[in-house]
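Take a look at the structure below.
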């Protein structure tokens, strides 16, 4: 059974660390929130300037595309594509379709930071590019990356910034790599047009189906493991509790995390759903379940249950609290927040708590002293001062003693660890020396025979006449 437990724990540990290995270049929740805040400030500044029209600067061009995209007006957004000098196979390409495809692919890899775009008609002059071209950003490809450009072109007597034709001609290839299946596109047309947490309608429907599928799959795995555990008697109860709740939730969140990665979500949706929520929830259930399992396995022994149960239970609770705090700090760090201030605050808070809880710490240290030195054990009859009784449990704060009148006394461990304890149960009983032995046939036996019928005179009955 220990082999089964070891294999089970090894399997879980092999699955869990994947969430902790976040990509260094992946945006975090803090990045998303900061970018959204900066975007709001930039939009407010542009709206205050009445002299600029959409297309006059790289920034106003992107703002016009974003506004049209939010309203699903892809026809208007498509007017900001430079459709000149495209390859022959793109002569009849629909600008609305192209800009929508580019928007989807971009959202899967990048967050648009408007503060990097110029709000001058001439664009950036120190970027090493021609005066009529500015860099929009770059996208990852299987064999490298692709740089996207904005270009200033003449149109209707004015010069307008648009997405360059060199970028437009790459959109079909990008869509072939990162685009949606045509069946999914058709399904989206039959669903109501809505979005939740930067997810499209079909992605929300797919997420709901994945939730149900992951829950059913976790239930099947749990049922299979419970069937396997029925063949064991010794550790069945401990592993049963581990499989029923913690492991099922762990499998559920891990399967859901894997499924969410296949939905083609925008990077904002992935940050909110996949990296910052599902993976860490799975880890919480895994770690808490392992703590519960290991302590249950340790207490499954009768001797450990008798002696260690009083301290293992509070220690288990403390370990769970520490695990939750550590995972929460890891989540904050992975979300882009600086946890140095948090750790400094925890350090100062720990000092304050330690100063305010000196007596409690004395009792805890006293408990470990009693467990290490073992002057008393549960079941011993002892006397501490004027208290005499049977030790029932040595807890983390106090020791429970049941006196002879059946009343219960709780003695702080700090008192016990420094007091004189008379452990009556530990008194060594010396055997009495045996009398002289007489081998069979010795002269003692015949000499004792006449005494067998002898009766003292004062016990003899009176004579009868």
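Just so you know, glycine gets a Cβ as well, placed from its N, Cα and C.
Note that TrEMBL annotation is computational and uncurated.
Record note: among 142-161, 162-181, 182-201, 202-221, 202-221 is the stretch given as transmembrane segment by TrEMBL. Ranges compared are 244-262, 339-357, 358-376, 377-395, and TrEMBL records transmembrane segment for 339-357.
When TrEMBL is compared with the stretches 114-133, 314-333, 414-433, the one noted as transmembrane segment is 314-333. Record note: among 280-302, 441-463, 280-302 is the stretch given as transmembrane segment by TrEMBL. Averaged over the domain 'Mechanosensitive ion channel MscS' (360-425), the predicted model reaches a pLDDT of 80. For the domain 'Mechanosensitive ion channel MscS' (360-425), the number of residues in each DSSP class (helix H, G, I; strand E, B; coil) is 22 helix, 26 strand, 18 coil.
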